[in-house]
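In what follows, a structure is listed as structure tokens, so that the remarks can point back to it.
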Amino acid sequence: FITAAFGIPQISTGDMLRAAIKAGTLLGLEAKKIIDEGGLVRDDIIIGMVKERIAQDDCKNGFLFDGFPRTLAQAEAMVEAGVDLDAVVEIDVPDSVIVDRMSGRRVHLASGRTYHVTYNPPKVEGKDDVTGEDLIQRDDDKEETVKKRLAVYHEQTEVLVDFYSKLEGEHAPK
């Protein structure tokens, strides 16, 4: 909705990383190992990818970050680069709900269609509605991986709420 209303692109580091993984790039292979273990890809890699992306023409009128920044270093790098944010939104969801939602997700790899075992189940359990092919659970959606990612979130990302609430001057979200 926001991207359509303002004619701006959504910038998702997750999507950028998944594209690199699918393409089998060196970054993609390195990122896959880290993501599958529930960790965060190194800040320097993410910051570089984001700076490259926001320099593209379609970002000249703005952009919507999705899942970025995730660490204090990433947020500070954006401030140092003069990237001003109009608003920052935190969606506060209990860990138990996140685990349930993510671990219940199933994907048809060829098409990208996404289902959920409880909230959006396929017509036939474990099968894509269109092709009848198998659905898979991505490694990063497995319960133990989701719990590790949440621990990383609480350790590294939660501090951003405080960072942005204290940011002042021209770089402060309005």
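Every residue, even glycine, has its Cβ placed from backbone N, Cα and C.
The structure displayed is predicted, hence computed values, not measured ones.
Database features, via Swiss-Prot:
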{"type": "REGION", "residues": "12-41", "note": "region 'NMP'"}
{"type": "BINDING", "residues": "Thr13, Arg18, Gly39, Leu40, Val41, Gly67, Phe68, Pro69, Arg70, Gln74, Arg138, Arg149", "note": "AMP binding site"}
{"type": "REGION", "residues": "104-141", "note": "region 'LID'"}
{"type": "BINDING", "residues": "Arg105, Thr114, Tyr115", "note": "ATP binding site"}
Quiz item: What does DSSP say about Thr13 (AMP binding site): helix, strand or coil?
Solution: helix
Quiz item: Within 8 Å of the Cβ centroid of the ATP site residues Arg105, Thr114, Tyr115, which other residues of the same chain have their Cβ?
Solution: Gly104, Arg106, Val107, Arg113, His116, Asn120, Leu135
Quiz item: In terms of Cβ proximity under 8 Å, which residues at least six beyond the ends of the region 'LID' (104-141) contact it?
Solution: 35-36, 38, 149
Quiz item: Listing them in sequence order, which of the binding-site residues Arg105, Thr114, Tyr115 have their Cα within 10 Å of that of Arg138 (AMP binding site)?
Solution: Arg105
Self-check item: Residues of the region 'LID' (104-141) by DSSP state, where helix covers H, G and I
Solution: 3 helix, 10 strand, 25 coil
Quiz item: What Cα-Cα separation, expressed in whole Å, is found between Arg70 (AMP binding site) and Thr114 (ATP binding site)?
Solution: 24
Quiz prompt | Thr114 (ATP binding site) CB neighbourhood, other CB atoms within 10 A | solution = 12
